[in-house]
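Annotation comment: TrEMBL describes 368-392 as region 'Disordered'. Residues or ranges marked as transmembrane segment in TrEMBL: 40-61, 73-93, 114-137, 143-162, 169-188, 200-221, 241-260, 280-303, 308-329, 335-353.
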Amino acid sequence: MKGDQELQVIVVQHGKESDPTVEEERNQTGESHSNRYKRWLLVSVYTFFVISGQSVATILGRLYYDNGGNSKWLATVVQLVGFPVLLPYYLLSSKTHTTTHRDDGKAVLHRNRVLVYLALGVLVGGDCYLYSIGLLYLPVSTFSLICASQLAFNAFFSYFLNSQKLTPIILNSLLLLTISSTLLAFNSEESNFKKVTRGQYVTSFICTIGASAGYGLSLSLQQLAFSKVLKRQTFSEVMDLIIYVSLVASCVSVVGLFASGEWETLSSEMDSYKLGKVSYVMNLVWTAVTWQVFNIGSTWLIFEISSLFSNAIGVLGLPVVPALAVIIFHDKMNGLKVISMILAIWGFMSYVYQHYLDDKNLKKSLGIPTTGSSDSPEAKGSSAQKIQTPAS
């Protein structure tokens, strides 16, 4: 009997040594689960950066106008000049982003790279100026709802520039977002802080629509630049694009500030600011910082997931600004705005659902399992049988 027990121990030990892959698979499964949780924790953090940065920056922009600020070009400058804040993030994060995305190893001519930075920089600078005009005369809740149309414009331009397929779900999303923005054209409310004429309202409405179109176009052009010109999408390449484009756009906005003559009124504007000089400076500083918080979150989501997902998260913050506007600025949330918000959220959810389906189909085509693990009951059963059989 003792000999049988010794034989069983020897067989069991031999079985464990002859099949080390079981323990390795279990360790790999544990690591994969840990990495997955860490990844989604980071997604949550940077999603918070996108939504909070965008919302706070928009609210601060409205505060600037409502308390005596009138310079559209200065409001544009502060959206862009905070990009040096990204440099520490760039240096620290480059150590953890050693893998490359879509890198074919081909060198890019410096001339082509410079042309990409210049073209996108001018587009972004003009786009931010349109946003500044839009926020000047529109209630912040209305402004935020109209900005949801940028998702529709992104899909429209991606269809022509990036060969994106327009599925029925995407078309449904585009229709809902278009209707959502169009409804607000019939909104005749006035700002609670300043009288706004119908002409000023229409001008701001058109400029906000144009800015949303420009933002959607810039995202599609960035994707086109990575595929056709830059030929790769490493972390350093993405950060270089954002920093140099911001630099060019900042130069455009500063030139506009001086060319328009608005810089001459900044001193008197600060003196007459309702909340005081310190509040005036702090408003501009924190507006610049919060836009860069948005950029950090958006950059990470673009690199780790996709520009589509990053844009969709930006639209996800849609209900936040109107809700804050009702509390801070006492904006009226009338029936037309409520309907517009519901349609915009519906359109956003349709867009995200299509993204989910595309991701699921891609994993299926690559043979990547979406559920289950190596620690399944079947695997455990087969391992136990290998150990028990020799000892019987």
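Glycine is no exception: its Cβ is also placed from the backbone N, Cα and C atoms.
Within its own chain, the transmembrane segment (40-61) is flanked in space by residues 75, 79, 132, 135, 140, 143-144, 283, 286-287, 290-298, 300-301, 304-305, 310, 313-314, 316-317, 320-321, 324-325, 328, which lie at least six positions past its ends and keep a Cβ under 8 Å from the stretch. Recorded stretches compared: 73-93, 114-137, 200-221, 280-303; the one with the most Cβ pairs under 8 Å to the transmembrane segment (143-162) is 200-221. Counting C-beta pairs under 8 angstroms (sequence separation of 6 or more), the transmembrane segment (73-93) fails to reach the transmembrane segment (308-329), with fewer than 3 such pairs. A contact between the transmembrane segment (335-353) and the transmembrane segment (280-303) is absent, since fewer than 3 of their C-beta pairs, 6 or more residues apart, lie under 8 Å. Within the chain, the transmembrane segment (200-221) has long-range Cβ neighbours (under 8 A, six or more residues past its boundaries) at 119-120, 123-124, 126-128, 130-131, 133-138, 143, 146-158, 161-162, 181, 184-185, 188, 190, 307, 311. Using the rule of three or more Cβ pairs under 8 Å, pairs at least 6 apart in sequence, the transmembrane segment (241-260) is not in contact with the transmembrane segment (308-329).
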